[in-house]
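Heads up, the thing below is written out as structure tokens.
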Amino acid sequence: MISNLAYIDPVAFQLGPIEVHWYGIIIAAGILLGYFIAQEGAKRAGLHKDALVDIIFWSAIFGFITARIYFVIFQWPYYAANPAEIPMIWHGGIAIHGGLIGGFITGVIICRRNNHNPLQVGDIIAPSIILAQGIGRWGNFMNHEAHGGPVAKSVLENMHIPEFIINNMYIDGRYYQPTFLYESIWDVLGFALLLFLRKHLRIGETFFTYLIWYSIGRFFVEGLRTDSLMLTSNIRVAQLVSILLILIGIAMIIYRRFKYQPPKYKDVKALPWPK
């Protein structure tokens, strides 16, 4: 039956005059699932579930705000002419890298106030973050955005993907590459990889591995997209940021191994804010 699904309406349902979009539902579902998955790691590390809720909730809230601000900044000519659309986040238009910046800063502040080690907390929630990102890409699918360039329908059929995806890649009279799907699959693989590696890695390295893995996939997928935020006519913002995050992740793992020899993730309980 799923193969017969026709073009999907971005609006899931209405509550009176209020339209509830699939985009928001899917992103919220990804965050909620990520929270439940992170509970196991938090419990093992001795991090109280209320502390986990505070970190995830407030990081998500401020992450959404900075994700929107980031997007608006790089599309400023449009929003300067249409300022009423700036708060219309349900139309899409949030940038994951902007969300990561806001979420990271918020998480660090909460960790500092509550005497938690931010890198240990990062290790706990990194698998949840990348899984939520993978799920969230289906919100882009429902909004018919974040796709690649035009392709023939036969190209999509030869990929052996479900027909409902092919149907919804038909936008404004043309078929497009489902780049949302490429990134979603990459993120889900990253989720499995991080869970497998985490027990073997040292404190902080799961989080830095997340930055590296996600950024590698994002760099290549971004090159296929048609809606990239551009720094110049030839430089895509997300690709530049991805390169920086890869370098930061690799450098931090190497530096901390040689400088501090941090303990393995599996060998420690709750760590305080680093002295």
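Just so you know, glycine gets a Cβ as well, placed from its N, Cα and C.
Summarising the annotation, Swiss-Prot assigns transmembrane segment to 18-38, 55-75, 89-109, 203-223, 235-255 and lists sequence analysis as the type of evidence.
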Name the range, of those listed as 18-38, 55-75, 203-223, 235-255, that has the largest tally of Cβ pairs under 8 Å with the transmembrane segment (89-109).
55-75
Which stretch, 18-38, 203-223, 235-255, tops the Cβ pairs under 8 Å count with the transmembrane segment (55-75)?
18-38
Any residues 6+ beyond the ends of the transmembrane segment (235-255) with a Cβ under 8 Å from its own?
74, 95, 97, 204-205, 208-212, 214-216, 218-219, 222-223, 228-229
